[in-house]
């Protein structure tokens, strides 16, 4: 007989406290290193002991007779005692019986019905050596009930399940338990009928429930399985209880079985609202029933119309594309268009390497579907897909093959049709972009030119328009004043330059004089002055014959009343400014500097001024000079100039007819600038 020594309920053999309400976790094994373990460890080397049952024990003693052990659901003479059990198992069965008799005599015996609930303890049991097979999946489609729950109850239960699935605590229960993935191979040894939310939802969809109570039973089964396998105090068990409370709350509003389903009253379509109400009798006078009148469907339910673009230009383009595609798919081309009507199926056609060559497949059927769905925004997009069909054909089928030749033949048909594509520039993209119920689209129907601006009565707009008009007038006035100011400044600048030239005469360095002459020659005159008229009057008779004829032609063009044979009298006051400027800029610009030198402020002649310009005083008065010339240098330069003049006089045709004074004057007038350049250059060299 085994001697059983009672131990305090919350203290183990090592003196450690043990929780009274021990968890029934089915996966917790017995520690093999515990010296108080009474099981034969050599029989269970894999540590596969599990606690399966709880024994009711009191805080002081345990019934020691075999009958008492049987009452507690324990059979056998060997008990396992570890840190979580409330007793130790030692000795023989006879000693246990004697120990129990002594406790009964001392008044310490305890009956089974008086045991406290907090003294529950677990007893070990061996784990199965092989995992149990998985039960058949639910629902069984061959055994569905003939009278499932009504549709309105089914809908309410589905809504309740979907609401529970959205909870955070429902994540572990969404799908069936996978023992392989979760590494729990013996799950089906303890859970004979698994259940989860997706299985309940699937059973609802196929009509596997006859009454709503069966739905609740399956949900409770799922919760109980979790508590049984993980223990009542596990976190996942608490999550199961949370979603159970939420599910029960939803199921409280389950409608009755005979209640009619609630039909949601939708909004009547515009076509139904506009349709007149006509009362019709069931039968006419001859007894024949009338046909039921159904209102037409609303236009907004047609997907084709909703996808139709608002642009009239795009509609015309897609209409032409549809005609081209219809021609390509016509029966008259059936002998060579059939390979391109449908997508290529590499499996049925035994073309396993088709997609290795063709990365973007396309066919005429797909193009037709895209056209019907208005997926093309331009004609170029349609052309690109059609060209892609032929490109794929030529890529996969080499030249000379039958399909390649079919593709070329069909492409010729496409090219001939595509060459007649219309010019869509006449269609405005926003011309027809409106609908009857859309204010913005209706407003775009009218262009800005069709709106009468006189109907605008907003005072702010009118005030801004008045301000804008006044600012435009002020802007024009400011521009005019600025132009007058610029013209006046230019006139003053030209007048000051002329006066400065008259006072300074021909003084100045070579660079300054040459630059001034270059600017005058290159710059055309734009304003008629008195000097221009004087130069034209004095110099026009000195022009060569060819230039004189051209000048006369210019004058005649400005005076259309003069005939070809009439004699032209030059009166500058009768000529317009344009003609005077044309004559001056064409023939007399080069005489401006010489005229200023020949007619100075002192009234002396040009010969006197030219001679004085060659004097030492005149040469020394230049602004830019290296140093004053000596008397010998001045004499030498004068001799050089005289020699040049003599050479020019001897070569000039005027020397035969003109007087010496006239020749000298002409020479001085014609070559004064060159002599000045020589003087200035020599002075700088010195």
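Note that the numbers count up from 1, one per residue, in the order the chain is shown.
Each residue, glycine too, has its Cβ placed from N, Cα and C.
Of the given residue ranges 460-499, 540-579, Swiss-Prot assigns the label coiled coil to 460-499.
According to Swiss-Prot, the listed position annotated as phosphoserine out of 429, 605, 613 is 429. Taking 36, 119, 270, 594 one by one, Swiss-Prot attaches phosphoserine to 270.
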